[in-house]
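Here is the structure we will look at.
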Amino acid sequence: MKKNALWLLCILVLPAIACGRKPEKKVTISSSGRKEDDLVTGLPGQPPVNFKHYAGYVNLGPEQKQKALFYWFFEAQQNSSRRPLVLWLNGGPGCSSIAYGAAQELGPFLVHDNGGKLTYNHFSWNKEANMLFLEAPVGVGFSYTNNSMDLQKLGDEVTASDSLAFLINWFMKFPEFRSSEFYISGESYAGHYVPQLAEVIYDRNKKVTKDSSINLKGFMIGNAVINEATDMAGLVDYAWSHAIISDEVHTSIHGSCSFEEDTTNKTEQCYNNFKGFMDAYNDIDIYSIYTPVCLSSLLSSSPRKPKIVVSPRLLTFDDLWDKFPAGYDPCTESYAENYFNRKDVQVALHANVTNLPYPYSPCSGVIKRWSDAPSTMIPIIQKLLTGGLRIWIYSGDTDGRVPVTSTRYSIKKMGLKVESPWRSWFHKSQVAGWVETYAGGLNFVTVRGAGHQVPALAPAQSLTLFSHFISSVPLPSKRF
């Protein structure tokens, strides 16, 4: 089967499968309980900075000593004790928040030069908050288990429960942040991860003492997988409205594929008609439709094909090509992969202490199954809105994979009353996007000219968006 046909089969039919190498041996967890042992002091290529950062493992509990999740934590650049704590999650499922979020989007050190250099990110989100990046679930990045059966039980529910266990134990390492305002943010399939983790924290907080609770205030998700039916309809309509697919392809898909709830789209006619959709994206980047694709080598003009991570249901594969703002290079996914496979880097980050039997990969090659993935996050979002959490949903408007149309359709399905009508918002002298506020405080924000990974293509605008979110301040309505 040709690669594009496999991709199409995956998004329409198959359950979660991520092709890659299978672990050949068990590993033993070694995880310090002292944060001082996780302090990073000699990261290769790191520019000088005036803040501390930590990396290492956290065991998931006395009954789960075989499982440990890997983290990288950056203190805020100023007044860290008075700044909020923000957990960032990437999607997939199976993609690393460190290889993508930290190293290619919003962390303070961005990987360049084929993994040989780190550059300082002037728009890092740790300018505004203490930033915690987590590789979850086990099997992602450096996170691991010594029980191979754990890899057969992965899904949304396990990811949420393991992430909660991680946080509880992480706060034991970093008790000074236990009372900090806590937010969760992420993109793509983190449209599942983030609300689900927020819900288990919210529910747990009702059962424990204040001293044991997590001071959850809200979450922000970008280009997020939210609701299967509307996400899929928006995917097709976006391609048509942006002149990527023809009228004929658009009409044939709508005529043969159902975009109603609880449908599977497994018909042969739907599959065949979707081939035209796939063909249209063969030579452009679906995650950022107006930027160049990565070429496989300097000697070849053939586009470098993205790694395809097949995820549950229709909308959840996510290869997450990165897009850096200055000196744009669409090949930096491989740069991050090369960097984190370096032994000196792993030693500096206290990573891979058990010598995993497979190389580091930005998207996991060992997760073969994904057991559960609800078709919609809308009930959870509505529950947490009612519970008083601050929720912002943003969308880079040049992403074709989880496009702005999908997000608009999903929010419309929530049936919320508009409180502040659609308006432009500004970054300095330019329109940065548009914003609309709904009952309960839900903000929907677009980011003009940004693709799937908003912090990478619109770094200054994303930092403005982030700072206003955590401050609960309306986005600028005038030039400044």
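Cβ coordinates come from backbone N, Cα and C, glycine included.
Annotated in Swiss-Prot:
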- Ser188: active site (ACT_SITE)
- Asp399: active site (ACT_SITE)
- His452: active site (ACT_SITE)
- Cys95-Cys363: disulfide bond (DISULFID)
- Cys257-Cys270: disulfide bond (DISULFID)
- Cys294-Cys331: disulfide bond (DISULFID)
- Asn79: N-linked glycosylation site (CARBOHYD)
- Asn146: N-linked glycosylation site (CARBOHYD)
- Asn265: N-linked glycosylation site (CARBOHYD)
- Asn352: N-linked glycosylation site (CARBOHYD)
- 1-20: signal peptide (SIGNAL)
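Sequence features, as recorded in Swiss-Prot, placed on the structure.
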{"residue": "Asn79", "record": "N-linked glycosylation site", "Cβ contacts under 8 Å, 6 or more apart": "none"}
{"residue": "Asn352", "record": "N-linked glycosylation site", "Cβ contacts under 8 Å, 6 or more apart": "Phe142, Gln346, Tyr360"}
{"residue": "Asp399", "record": "active site", "Cβ contacts under 8 Å, 6 or more apart": "Asn223, Ile286, Tyr287, Ser288, Ile289, Ala450, Gly451, His452"}
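Mapped onto three states, the DSSP output places Cys270 (disulfide bond) in helix.
Comparing the disulfide-bonded residues Cys257, Cys294, Cys363 on other C-beta atoms within 10 angstroms of each C-beta gives the minimum for Cys294.
Between Cys257 (disulfide bond) and Ser188 (active site), the C-alpha separation comes to 23 Å. The shortest Cα-Cα distance between Cys95 (disulfide bond) and any of the recorded positions Asn146, Ser188, Cys331 is the one to Ser188. Neighbour counts were taken at the CB atom with a 10 A radius for the disulfide-bonded residues Cys95, Cys270, Cys331; the maximum falls on Cys95.
Nearest in space to Ser188 (active site), taking C-alpha to C-alpha distance over the recorded positions Asn146, Cys270, Cys294, Cys331, Cys363, is Cys363. Ranked by Cβ neighbours within 10 A across all protein chains shown, the recorded positions Asn146, Ser188 are led by Ser188. When secondary structure is read from DSSP and collapsed to three states, Asn352 (N-linked glycosylation site) falls in the coil class.
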